[in-house]
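Structure, as structure tokens:
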Amino acid sequence: MTRYDSLLQALGNTPLVGLQRLSPRWDDGRDGPHVRLWAKLEDRNPTGSIKDRPAVRMIEQAEADGLLRPGATILEPTSGNTGISLAMAARLKGYRLICVMPENTSVERRQLLELYGAQIIFSAAEGGSNTAVATAKELAATNPSWVMLYQYGNPANTDSHYCGTGPELLADLPEITHFVAGLGTTGTLMGTGRFLREHVANVKIVAAEPRYGEGVYALRNMDEGFVPELYDPEILTARYSVGAVDAVRRTRELVHTEGIFAGISTGAVLHAALGVGAGALAAGERADIALVVADAGWKYLSTGAYAGSLDDAETALEGQLWA
């Protein structure tokens, strides 16, 4: 076991787990080379999500740049996980945090933010986190002393994955052929993707995004208006559109088959990864596909995504799943 002086040091170096049951072909054989899926369990970070990486990096970079001083107020638009990560770090460092988030977020995310001492300003549910971003920008303009870290355009977001997630994947899976993650702020795909492209010949970087007009929590479709400033389409090999029901179905399949209890966005990522795997299998190509489990499902139990039939879940989730 590793010893740390602070919780802020205990992020990253998350496990990479083989999905033997879900992989299209785990072993090499007469039928062709293996097509394996590997899940990077980012729910093992201190607050339970991949967002601990950029949150701590953005705060520390703002401190280094002289933007954050003792007692400062941080403002951030968030659909949940980044806010929770920032709230943890702000609590430990003595900053005040104000989060702007859609009013249709799950009760667990609200309670966690409040428990950490963050103030929540709710934006209209319509438009999801896009509306939260607009609201936060208005607040920042009228409160110039507040520091908006702005995860959608902050290079420290991308850097946290270029310097962390990417090198970890390469160390654990040097034979990696594909990397699949969700499109949200785009920081994970841009940072990890850039690192892997620089170090692995012919690696494929695949984005899972919501089908146009459908919401999947924490993900966004780049064709629906707001495009994060971090987004560079040249990093991507492909974008894979996933419907909300498919995301929920795959989330349940992951826990039933591999025992991994993941958040809803991971279902979308798994759906895309299985599509990539099916293509490799049909082409007779070896594939080692790494996918991101961005968080666990605990913060979404109240949404109804995990109870009853898929039809029940679809009804319960209507109006709740926003990017």
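Using the three backbone atoms N, Cα and C, a Cβ is placed for every residue, glycine included.
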### Query
For the pyridoxal 5'-phosphate site that Swiss-Prot gives with Asn81, Gly184, Thr185, Thr186, Gly187, Thr188, which of Ser6, Ser265, Ser302 also belongs there?
Ser265
### Task
Under 8 Å Cβ to Cβ from Lys51 (N6-(pyridoxal phosphate)lysine), same chain, six or more residues apart: give me those in sequence order, or none if nothing qualifies.
Asn45, Asn81, Thr82, Ile84, Ser85, Ala294, Asp295
### Message
I'd like the Cβ neighbour count for Thr185 (pyridoxal 5'-phosphate binding site), meaning other Cβ atoms within 10 Å of its Cβ, all protein chains included.
### Response
27
### Message
List every residue in the same chain as Gly187 (pyridoxal 5'-phosphate binding site), at least 6 positions away in sequence, whose Cβ is under 8 Å from its Cβ.
### Response
Pro54, Gln151, Asn157, Thr158, Ser160, His161, Leu230
### Message
Cβ atoms within 10 Å, counted per site: which of Thr186, Ser265 has the most, among these binding-site residues?
### Response
Ser265
### Query
So, in DSSP terms, is Lys51 (N6-(pyridoxal phosphate)lysine) helix, strand, or coil?
coil
### Query
How many other Cβ atoms are found within 10 Å of the Cβ atom of Asn81 (pyridoxal 5'-phosphate binding site), counting all protein chains shown?
28
